[in-house]
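Working notes for the structure below.
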Amino acid sequence: MAGLEPMLPFSKGGSSQLELEPFQEGTLGTSQEKQCCPGFVSACSNFSIQYNYTSASIAAAIMLSDNDNIGTAVKPDFPQPAWVGHYLLGAVFMGSVVGMLLMGYLGDLLGIRPALILANGLTAMGALTSSLLSWGPPDTVWTVIIASRLLLGVGVGGNYPLSAAKAAESGKDLQVNAAEAANKAAYAFFWQGPGQLAPYMCAITSLQFRFLLGIGAVPAGVVLLRSWQEESSPRLNALDESIDRRAELRNRRHWWTLIGTAGSWFFFDVAFYGTVIFSPTILLKVFGEMESLPMLSIQAAAMITVTIIGNAGSLAVSTSRTPEGLSCLMYVVFALRLEILDLTYLLLTANHY
């Protein structure tokens, strides 16, 4: 279910319900004729988000392997200092918190296009520095990668609000109603699944970790280039829009919507990313303490493929279900699946399987 988290609807007139009003032609964004592929930028942004979130997990596994084997009995190519384990996988998320807050604000202040250019510039820079500057003793290599991941996280985190806004904006350009614009954002988020899968598909061929990390600059560079080539969206009545937003935020009904949406994101991300970034560790626990990197990558890819199928199923029924009902159903399924996995693992290990 990656990428299909609930979004926060804003309404008019103090109502907590989303009003399905057509967007006015020419008020936001470029016209359909000026966009050769509406939605491409937001879809590619979401691919970039998950590729760069996930790549460090398998890259670290490659660094801790020897002759394509990984496990507790293996002498790693790049011994990992104890402190690295506390910061390596979390650095990108620390940067993401800053990026989400900063880039979301800049998107409102400057416009989505310049904010996307800045966010993806930081993402590409972080991916390239982790690839090109990670040379020397193991301690230096790990330190450079962590610092680069922190910078990358600012850009990747900024892509979250900006890509959703960009997808909704492309819907406005096509003069669809608010619900259809939200669905376009959901379709863009679908591409987080393939982005999550891509690092493991690359790792099946036993690529070098530097190359694996550096590839993350490619989708970010594509988004940067396409955003640069686009025309700036006219920002009409920006002052009036700002006043309207402040008025909406003073409506206490919207605060309950905000708490529910933010809470859903929080609990989803704890469970989802806790599984995603520790996939190599979890798979080693399940399938044994010694595995080959290609086999580990195939197992992780199979697990992510199930996620992509779930995403596609959610999109297929999204037009016939309310976001609240669909989210509740998916959370129940998600929780049951995690409990079944946990109980099965405990049962099999207790019986020495």
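The count begins at 1 with the first shown residue.
Glycine is treated like the rest: Cβ placed from N, Cα and C.
Pulled from TrEMBL:
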{"type": "TRANSMEM", "residues": "84-103", "note": "transmembrane segment"}
{"type": "TRANSMEM", "residues": "115-135", "note": "transmembrane segment"}
{"type": "TRANSMEM", "residues": "141-162", "note": "transmembrane segment"}
{"type": "TRANSMEM", "residues": "255-278", "note": "transmembrane segment"}
{"type": "TRANSMEM", "residues": "298-317", "note": "transmembrane segment"}
{"type": "TRANSMEM", "residues": "329-348", "note": "transmembrane segment"}
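Note on the transmembrane segment (115-135): residues 41, 45, 48, 52, 99, 103, 106-107, 141, 144-145, 147-156, 158-159, 162-163, 166, 210-211, 213-217, 220-221, 223-224, 227-228 of its chain, located 6 or more positions outside it, place their CB under 8 angstroms from a CB of the stretch.
Residues 52-53, 56-57, 60, 115, 118-119, 122, 142, 145-147, 149-162, 273, 277-278 of the same chain lie 6+ residues outside the transmembrane segment (84-103) yet bring a C-beta within less than 8 angstroms of a C-beta in it. Residues 1-4, 58, 186-187, 190, 192-194, 196-197, 200-201, 204, 279-280, 283, 287, 326, 330 of the same chain sit 6 or more residues outside the transmembrane segment (298-317) yet have a Cβ under 8 Å from a Cβ within it.
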